[in-house]
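Working notes for the structure below.
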There are 2 protein chains.
Amino acid sequence: MKHNFGAGPCILPKEVFEQASQAVIDFNGTGLSILEISHRSKEFEEVVVETEQLVRELLNVPSGYSILFLQGGASQQFAMVPMNLLPADGKAAYLDTGVWATKAAKEAKRVGQVEIVASSSDQNYNYIPKLYTIPTDAAYFHYTSNNTIYGTEVFDRPATQVPVVVDMSSDILSRNINIADYDLIYAGAQKNMGPAGVTLVIIKDELFGKSGRTNPMIFDYEAHAKAGSMYNTPPVFSIYVSMLNLRWLKAKGGIDVIEQENIIKARTLYDEIDRNPFFRGTAAVEDRSRMNVTFVMENAELEAEFLALAKERNLIGIKGHRSVGGFRASIYNALTISSINALVDTMREFEERKK
Amino acid sequence: MKHNFGAGPCILPKEVFEQASQAVIDFNGTGLSILEISHRSKEFEEVVVETEQLVRELLNVPSGYSILFLQGGASQQFAMVPMNLLPADGKAAYLDTGVWATKAAKEAKRVGQVEIVASSSDQNYNYIPKLYTIPTDAAYFHYTSNNTIYGTEVFDRPATQVPVVVDMSSDILSRNINIADYDLIYAGAQKNMGPAGVTLVIIKDELFGKSGRTNPMIFDYEAHAKAGSMYNTPPVFSIYVSMLNLRWLKAKGGIDVIEQENIIKARTLYDEIDRNPFFRGTAAVEDRSRMNVTFVMENAELEAEFLALAKERNLIGIKGHRSVGGFRASIYNALTISSINALVDTMREFEERKK
């Protein structure tokens, strides 16, 4: 059995793969593949309704918020957010916590005025800036809650009176959040929700039409909300598999249960990194991500050897991003504690060999 | 066995469904699902390269054209085309052949100036306008080559010196076209190419940056071309299944072979519609589509009865669009001649019962 620590598109539960595989041949006993049914069929409309309902229930989304399933990933949201929320004469505030946050701000700058309120680029983004001021006249404040490359995570919503927009692509559905604290949350599906090809947007309806811009309708949140995510042909299969995965999460006990598992998984791995004299974590301890654990070796010359051993032990996808080096273990919802144990065992095995 | 005449997302060959189903469990013997592999993995990069190569080969795409796999369907192209090709002080020319052409023009109007050169709305779009003038100062001329709702198709490229942009969502890969005659072709995959969730764009590189607008990078064709369709996380599964389907088409003998089959399939069905006194085609004979065959009954009161018989005979998805009524048989590449025969037999059976 392989332990997939890849950063994404990522691991989903085995039973979800099995159900998805079956539906490609015969969807719900219709005699048709999920790939050939009409998106306007009753059967598929039920899929969209159930997927939305599962998101609403699992994240306890209050009324007054719309749940959308769009295309184009978080990268398209980098553009849609300012197009929909940033007036031509307004400005938006961005927190810079790494590559993805930088890209979001850069794209917004092509739409309007952007102020970077703080950045941790001075230390290769290995921490989350804490002391900064968000201008009270900003149209919104944007940040990235989990930074996959650097292994940092923002757990608490920064205090501000302006609307808060968060890219939660890599930690959505991994822990409890109070949706009412946020105005717009978006997430590419391909970490904890489903396969690549669908993007989740949770938006406070009050934000519709806030920019005063004439955008193409396809980029208008309100148009998608009014159409129940069927403004145009949706990514049928990616939504369907997301539904299967959300069902799995619900059956498991929901966010409370998965959050406890995620805490234990992350702690087990960080404890070993802190204990094992051969390894060292790269992120500031108080900002350590529960989703992406980044670490290096005290002696960088041993990294190739550890990587080879990891491969032998069927641990895949643990090579770190080139901008940080070393290793990155992505430990999303579907990664089991037994995979964590396999990694920890391999780190201990390496220690035994070398000491 | 069901005969799926649905308008789309639509039928693909059975062997494609089987291969796709297998890859959801184990992709190419990697021990991983196609849904959990990294889009930056060597294995998936090979998929993108092969998919592009198959499109290039099957459609004989000359050098100087880029092939892109994007998200958002044709509806997103309705916006991206003017954003990329229509200067702020320019105008674009559109041919109005029905709902989808109208939507394309309406979206372009939100971006810039649009001139409708002709429309067949006077006869509920049951024909393709022939006599019209395309202004020589237009930034481009846009039309929809196949109109799924009305069953009409434009086979010949209209004569003009301005760049020609075509929505070929529902007839791409069904017949030979000379790519060099066109400047930009786009197509939502979910008819003849693959599952919903990926959009094919074939663009002449000379068009890059033609509008002079500062667009978000995610909507810039050149950015996607430079990144080899990996500007951001692509819709992995939809691209993979498209590759399987293109392999099937190549193994079958390519576009020449499928075009001959499509001609025979369409002729067989239209011949029966013309012969059978109970039925009547709705589209002008010279503009009849080879992909969507629209027809009504001479006595509209019998339509419910025929629909019930069709259902008994496992013919599904033949109810016509509400704006035309009657019936619509979508007969895309993967629909076999035996399904056509099943429909013709049912029409004859109905005639026998009633005469």
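The backbone N, Cα and C atoms fix where each Cβ goes, glycine too.
TrEMBL does not curate its annotations; it predicts them automatically.
Taken from TrEMBL, the feature L-glutamate binding site covers B:R40. Sequence annotations record features per position, and here TrEMBL assigns pyridoxal 5'-phosphate binding site to B:A74, B:S75, B:W100, B:T148, B:D167, B:Q190, B:N232, B:T233. Annotation comment: TrEMBL describes B:4-343 as domain 'Aminotransferase class V'. Residues annotated as N6-(pyridoxal phosphate)lysine in TrEMBL: B:K191.
Filtering of the recorded positions B:R40, B:W100, B:T148, B:D167, B:K191 by Cβ separation from chain A (threshold: under 8 Å) yields no residue. When the neighbouring Cβ atoms lying within 10 Å are counted for each of the binding-site residues (B:S75, B:T148, B:Q190, B:T233), the highest count belongs to B:Q190.
A separation of roughly 15 Å, to the nearest angstrom, links the Cα atoms of B:W100 (pyridoxal 5'-phosphate binding site) and B:K191 (N6-(pyridoxal phosphate)lysine).
Residues B:A74, B:S75, B:W100, B:T148, B:D167, B:Q190, B:N232, B:T233, recorded as binding pyridoxal 5'-phosphate, reach a greatest CA to CA spacing of 31 Å. DSSP gives B:T233 (pyridoxal 5'-phosphate binding site) a coil state; it is part of no helix or strand. The binding-site residues shown are B:S75, B:T148, B:D167, B:T233; of these, the one with its CA atom nearest the CA of B:R40 (L-glutamate binding site) is B:T233. The most densely surrounded of the recorded positions B:R40, B:K191 is B:K191 (count of other Cβ atoms within 10 A of its Cβ). Cα separation, B:D167 (pyridoxal 5'-phosphate binding site) to the residue listed as 'N6-(pyridoxal phosphate)lysine', rounded: 13 Å. On a Cα basis, the residue listed as 'N6-(pyridoxal phosphate)lysine' lies 12 Å away from B:A74 (pyridoxal 5'-phosphate binding site). Fewest Cβ neighbours within 10 Å among the binding-site residues B:A74, B:W100, B:D167, B:N232: this applies to B:W100. In this structure the alpha carbons, written CA, of B:K191 (N6-(pyridoxal phosphate)lysine) and B:T148 (pyridoxal 5'-phosphate binding site) are 10 Å apart.
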